[in-house]
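Here's the structure, in C-alpha cells; my notes come after.
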Amino acid sequence: MRPISLRLHERPITQVLFNREGDLLFVAAKDKLVSLWYTTNGERIGSYQCGGVVYSIDVSQDSKYLITASADAKARVWDVSSGRQLDSTDFEVSARSIEFSQGDKQILVVTDQVMGCQAKIHVFDFDKDEVRKLNKSYTLPSPQCKITQATWGPLNKTIFASCEDGAVRIYCTEKRELIKTILDHNKLVTRIEWTKHRIMFMTCSKDGTAKLYDTKTLKLLRTFDTGRPINAAGISPLKPHVILGGGQSAESVTTTKVDASQFKVRFFHIVYGEELGGLIGHIGPVHSICFTPDGKTFATGGEEGLVQVNHLDESYFEFDDDLVYNPPVQH
C-alpha cells in the first residue's frame, strides 16, 4: 500500500473530509486555506481562502455546498464547484466546529470559550434556494467549559458535544436542553466519531483512550488504550476495524522522550479490541482521519501540514478476521 502524499499546506492540518461519493477530498488547515483534491490520483482541484485558521469543515450530501468554521469568528458557505463564497455569519469569538444535519436542512456551529464569552452551540436553518443561506434558529445552553466538537445524533433528535472537562454532553434538539452527560474520560475529549448508520459512536481523548458506546443505551462497549493522546479516529464502514491517530502535542515533544513510531496510525479490531498493526507516515501528531464511504481508502492529516491518502490493497479485504480469532478446530 503506497500512500499518495498531498503537500500544499504550510501549517498543521485540522481536518480531512471525503464527500458522500468519496471521489473528492477536502482538507482544512491552520494556514487559512481549505484545499480540494481528487481522491483517486491526488490531483489538486483548487482551494477556498478563509480569513483565519480553519478549524472545521463539512460538505453537503450532494457535494454542492461546503461550510467552514474559522478563527476569524465566521461560519461560511461556499459553492464547491466555483469556489465562490455564498454566505457567512459573524460571531463574537472563533468558530470551532461546524456540521450539516442529516438531510442538510440545518447547520450547527460551536463557538469558543474565550474573552468572557461562554462556549455555545448555535443552530441555523440552511436554505439552499435563498440568497441568505444561514438563518439563526436557536442556541443551546452553555456547558460552562470549552467545547471541542459538536455533532448531530441519529435523525437529528440529539446533539452530542465533546468537552474540555472530559465529558460528552447530549442535548435534545426538540426541548433544546441538556439531557445526559457521559463522564468516562479524565482529560479533554478531542473528537466524537460515528459508525455507519450511527448505531455506535467513539470518543477520543487526551487521556490516551478511545471509547466505543452504543448510541441507544449509551452503554460503554469497549475501551482502546494507546498510552498517548488520541486526536482522531476513523471507523471503517466495511470491516470491523478502527484507525486511531494522535501523539504527543507539539509543545510537549521537546520535554519528553519521543520517537517517530508514536505518530503512526494504529489499526484496532473494533470487536476484540486488539491491535492489528500500524502505519508510519507522519513526523508529528495526527490530527484527523477519515474513511471514504466505501471503506476502500482513508486519509490522514498531521501537524507537519502533510496529508496521506492510502488506497487499501486487495489483500486487506481478503484478510479474514475470523481465521485469526476463531481458528478452525483441529480433529
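Glycine too: its Cβ is placed from the backbone N, Cα and C atoms.
Copied over from Swiss-Prot:
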REPEAT    8-47  repeat 'WD 1'
REPEAT    49-88  repeat 'WD 2'
REPEAT    142-181  repeat 'WD 3'
REPEAT    184-223  repeat 'WD 4'
REPEAT    281-320  repeat 'WD 5'
Model confidence over the repeat 'WD 1' (8-47), averaged pLDDT: 95
Long-range neighbours of the repeat 'WD 5' (281-320), counting only residues six or more past its ends (CB under 8 A): 1, 3-18, 20-22, 25, 27, 29, 31, 37, 39, 42, 229, 231-239, 243-250, 253, 260, 263-265
